[in-house]
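Undergrad: Structure provided below as structure tokens; questions to follow.
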Amino acid sequence: MYMLTWLVLPIMMAYVDSGAFSFKDRLRESCWSNLQFYGYTGAIGLVVVGYIAVTRGVFGADLVAFLMALANFWGLFLVITLMGFGLVSIPRKLWRRGDLGLELTKIENRAMAYKDSAYDSELELAEVVCEAQLVSSRVGATDELRVCVDQILEHCGSRAALDRSPGVAQNNAALAARVPSDISLAYLAGLHNRVKHAVLKEERDRWRWSRAAARAFFLQDAIASRANPSRQLESSLRPWSQWSLARRSAAWWWFIALRPLAYRLLTVAAAVLSVVVLWSELTFNLGASSRLSVVHYLLRTLGLSYFSIELASIVVIAYMSLCAYSSVMKLRIFNIYSLETHHHTNERSLLFCGAYLCRLMFPLCYNFLNMAGGGGVGEQEEVTEFARFMDQIDLVPVLGEQSNRVIPVLIMIPAALAFFNVHGRVMEYFSAERATGSPRGSDDPEDDEDTELGPLCLPREEGRGLLVEARRAAERQQGVADALPGGRRYSPSGSMHSNATNLRTHTAAGTANEPPAPASTRGPREWHLGRPSFDRLLDDCPAPPDA
């Protein structure tokens, strides 16, 4: 496990992040970067460990125990911090998922930030593609670097019709100055890396906006269909308008009637488990009184059968893992490490997350054993084999048994921060709305998830207007906005009954005879404030004269 988390996965992370063109070069670059990192950190670590060994007289087995205690201290600190946030955020998220209005509000709060990120990513990608065009024009077909340039162009894909003609118009002075006169393999490797990152970022941000818009459209239709007497989910957009009658009825019953109840029940179950874990973390280290721990009482005092003990252990440790690992999966470090669904996560983020999941495994299991009374902390009557192996760290001052007693109590700090949404309030204080004096768009001041994008989150009204414009553009593209007899658009300010009536009532008397609106010539990526699409951005790039 240590070889996997500290050697194999870091080498794989550096390998997939390398811009080299051959397997040998990428492997050599990844090994060299990891060797440099471990060389610097190892030198610092040797100085610290040597100082401790000399001053404290710690050698041999005692030194190994000290290193194990240090690793356990860091892992336990991470587990308690991440799990503390998860114990509060998971029940809160389940509660909000049961309310379609809250989910739509969250999307409206984030819509403007999603669209701006998508537009900025398009600009960045267009700039990198333009640079690749310029490099392609300077490298001839007989040049030995032509193969590397072709690999770069292959990553650009269909985003630009890159021509190899040497007569590229170099009308962009800043871009031309960035490309060196003597193009080297190292420069091409860096360009290759930037192209890969720009393509992935553009696809991810564009998908975030598309997914948010599509989800908002569906939620608008679901909310408008609440008062539908036929108990069917009605929509003017595809693919929902093409659903069969049975599927639209099933969707209405699930999203309007059953889904809120199911999420409320899941919220209650998650809240009970959160309270059980929090109470057990606070009470398991009270020595002879450790039976106050609910987990200890459930597994050791209640006298359950072996199968029941296994089932209860699986449920508790699975929920603890869910709370800790969900916090890891929500991390977004410098917008580089982030997990996205539908295959929009890069390899480096997957490996980074996998490495931390492996590193948290041992501290998480050891913490569960302590709560269950078999971890060797306190006055337990039985000790597991894993606890006996870890017993040698108890003799280490501060980092041994003392840390195993004190750190779990600190779980109340991240739990309280998450419960009172301290992070969200701090981000709201520095947000754009407070700087301009405009009110915050969210109707829920405790919504910590709305602050994920920080100061980029603009008022809800602007995001709502952007989604309305996006919906109209989608309806124009599908040619169904005015053609459907019941094609009146969703009104974000209308009541539930009026929205349901709008889905079945014509827009106005004069629009019945009007022909359907022609498909818009602007793509869905031009919805926001008339911003140019990626193809239009490429028109400003250097292009061959015959293009």
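Using N, Cα and C of the backbone, Cβ positions are placed for all residues, glycine too.
Pulled the feature table from TrEMBL, pasting it below:
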- 6-23: transmembrane segment (TRANSMEM)
- 35-54: transmembrane segment (TRANSMEM)
- 66-88: transmembrane segment (TRANSMEM)
- 261-284: transmembrane segment (TRANSMEM)
- 304-328: transmembrane segment (TRANSMEM)
- 349-369: transmembrane segment (TRANSMEM)
- 406-424: transmembrane segment (TRANSMEM)
- 433-459: region 'Disordered' (REGION)
- 472-547: region 'Disordered' (REGION)
- 492-510: compositional bias 'Polar residues' (COMPBIAS)
- 523-539: compositional bias 'Basic and acidic residues' (COMPBIAS)
Undergrad: Hey, does the transmembrane segment (66-88) touch the transmembrane segment (304-328), meaning at least 3 C-beta pairs closer than 8 angstroms, sequence gap 6 or more?
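TA: With 3 or more qualifying Cβ pairs, these stretches touch.
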Undergrad: Any chance you could find the range in 6-23, 35-54, 261-284, 406-424 with the most Cβ pairs under 8 Å to the transmembrane segment (66-88)?
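TA: The stretch with the most contacts is 406-424.
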Undergrad: Could you give the residue numbers and ranges of same-chain residues that sit at least 6 residues beyond the transmembrane segment (261-284) on either side and whose C-beta is under 8 angstroms from one of its C-beta atoms?
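TA: Beyond its ends, the transmembrane segment (261-284) has Cβ neighbours at 80, 83, 87-88, 90-91, 94-95, 97-98, 290, 292-296, 315-316, 319-320, 323, 367, 370-371, 373, 377-378, 408-409, 411-412, 415.
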